[in-house]
């Protein structure tokens, strides 16, 4: 029974506390190192006590394991001032957060991190780890790149575990995946061409681990589940042959996860390694092909426990699949494991004392998943009778969940069956709608607006916390929120914004706010998962059929619109984003769960329109994040994702204007899907890329209206008027004046008022100059 990695944050987010104390200067480096050592020791002890027999080391990180790899191999850009020798913690955190004033460089309202460019050295770019909600720091390579061993972390942590009595299997990110995750600063440099210079550092690390007594090493090459060309497969083969030649006695467990090997199976099986790990949660169908083709002396690690979702496994059903493989290959040739590292799930469901008892009995967090592994291992080694009670409990939980009325709602199933294609189409084409909307609103050219949220100040957070604790009454809390909203609306009018928002002070999180008001969702108290560094998220649990018992935003919209004669946007989170940022039920297709959410949001859109809303924004911040890893699967996903957006947005009159917002750095390759969403206005993040995102529109004639962001909200810097007009002139080269709206990149929730005020004043001034 092996684990590939465990959550780093601690059951009570102890890592977050220690990091933020260190960053703010309240504690020193030794206190941070001591806290980290305590978390590692607790992790190893927990795994041992739960019956895990193959325990990893070097799976802990202060910020991100890809950044740890960059530091290990000395891939540190010159801007951070490091030349050689061990990399100081200050340099490490400068790469992670930017130097001098990294605290200012917040995530946006949708949790996407800034790039620290405000002042000092910028942070490295950050992006999603494959198709998960974890983020990694993107390695940067230049021509003439040199690598050198500059961190002994992997060796130190192996030694640390050994001193505590644990024989561990150290984890390294594989050299080929590491290079593929990186970015070259030189357009002509293929990162894979750097492999001959990189491998000697890996060999040095592996030799040091072997000298310390490591018999096994886990090397992660998740790139093997991607679309690879023959050249990459060749590079993989060359890399592992070189490692095997240098260390013939070291046993390597090559791990793949987040998908099936597919057409890379032969390439993976040809590598000179001792073991191969496959993901059987994401790609259960690959078991037969791998088992049939794998050489008999290859140890197979079968990732049967889902490392990315929180549902309890049906252990007897898993044993039905595992037993034939074990009897065919022999128990010593099979390991069982989670599908991937457990960093993607919370730590311990037993901490959830407020959760519905029936729902709780269906869940397994990291601790429970290790317990499931131990049960499977025992059953395979000694027979099912040895763990009969645990197997019965598992089967009973699966049966109870399947039959529970909490999961199934006949009304929702009836509505889904009644959905027609007309429900996902606006009444008229955009050209006709646009004419009606222009007549209705009479907006000037280059209309100005914001994305939705305004700064959530310390006072707002304090009031929310007091209300949650019961020390601030419902009446007083509502009065406070009304005052904040009214003040924000007055200020928007004063500076001359054309289309207003209410500021979203009543909302804690753009997904949680809606999930808490929809049936079929539940929320944990301690279900934290690392997003990056000290930032943790608590995804909602989507456990059953979704419906909307009552209006969710109409009351606040009506109050806000009553304070102004200008258009006030209704603000909603879209179904695809709610789905992609939740732990999703695994008993129905994701597309069906999304369609249910879309119908609930459609009801809200309809109620907002009936209440008088003339503009309704439906944010799809995470539409792109749901793209499958293999391009051949993109179309299926985009078809249902776009259909779900249209289903929630298309029940309105032609004169009602539907807005959507997307924040990410790349959509040229899905421009057709974005156009087919048919939103009247789409706002996007473009300021940091200097409008490069709009290159897609040079050849693609996008018909609808678009708000390219002119103010980078990830940075505290206030952009000047001429900077914004410069960006708008670039936009004008690709779009007609009539199409362009003017707005920031994203919501303003994480910024300070003293930054937002001058920036938006400048934005309005830029609009006037463009007119």
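A Cβ is built for glycine as well, from the same backbone N, Cα and C atoms used for every other residue.
Database features (Swiss-Prot):
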ACT_SITE  714  active site, proton donor
BINDING   13, 14, 15, 16, 128, 535, 536, 581, 625  5-methyltetrahydropteroyltri-L-glutamate binding site
BINDING   451, 452, 453, 504, 619  L-methionine binding site
BINDING   451, 452, 453, 504, 619  L-homocysteine binding site
BINDING   661, 663, 685, 746  Zn(2+) binding site
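Positions of the features from Swiss-Prot, shown on the structure.
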| residue | record | contacts (Cβ under 8 Å, 6+ apart) |
| --- | --- | --- |
| 13 | 5-methyltetrahydropteroyltri-L-glutamate binding site | 528, 536 |
| 15 | 5-methyltetrahydropteroyltri-L-glutamate binding site | 8, 9, 35, 36, 39, 62, 534 |
| 128 | 5-methyltetrahydropteroyltri-L-glutamate binding site | 134, 135, 136, 625 |
| 661 | Zn(2+) binding site | 451, 452, 617, 619, 620, 621, 682, 683, 684, 746 |
Message: What whole-number Å value do you get for the CA-CA distance of residue 663 (Zn(2+) binding site) and the residue listed as 'active site, proton donor'?
response: 11
Message: Tell me the coarse DSSP state (helix, strand, coil) of residue 663 (Zn(2+) binding site).
response: coil
Message: If you count CB neighbours within 10 Å, which one among the binding-site residues 451, 663, 746 has the smallest count?
response: 663
Message: Counting across all protein chains present, how many other Cβ atoms fall within 10 Å of the Cβ of the residue listed as 'active site, proton donor'?
response: 25
- line: Note: among binding-site residues 504, 619, 625, 685, least Cβ-dense neighbourhood at 10 Å is 625
Field: Rounded Cα separation (Å) that holds between the residue listed as 'active site, proton donor' and residue 504 (L-methionine binding site)
entry: 19
Query: Rounded to a whole number, how many Å is the Cα of residue 504 (L-methionine binding site) away from the Cα of residue 685 (Zn(2+) binding site)?
result: 20
Message: What's the number of neighbouring CB atoms sitting within 10 A of the CB on residue 452 (L-methionine binding site)?
response: 28
Query: Which one of the binding-site residues (453, 536) has its C-beta surrounded by the most other C-beta atoms within 10 angstroms?
result: 453
- prompt: Quick one: Cα separation, residue 453 (L-methionine binding site) versus residue 685 (Zn(2+) binding site), in Å?
  reply: 15
- line: Simplified DSSP label at residue 452 (L-methionine binding site) comes out coil
Statement: Record-annotated L-homocysteine contacts 451, 452, 453, 504, 619; largest Cα to Cα distance in whole Å is 13
Query: Going by DSSP, is residue 625 (5-methyltetrahydropteroyltri-L-glutamate binding site) part of a helix, a strand, or coil?
result: helix
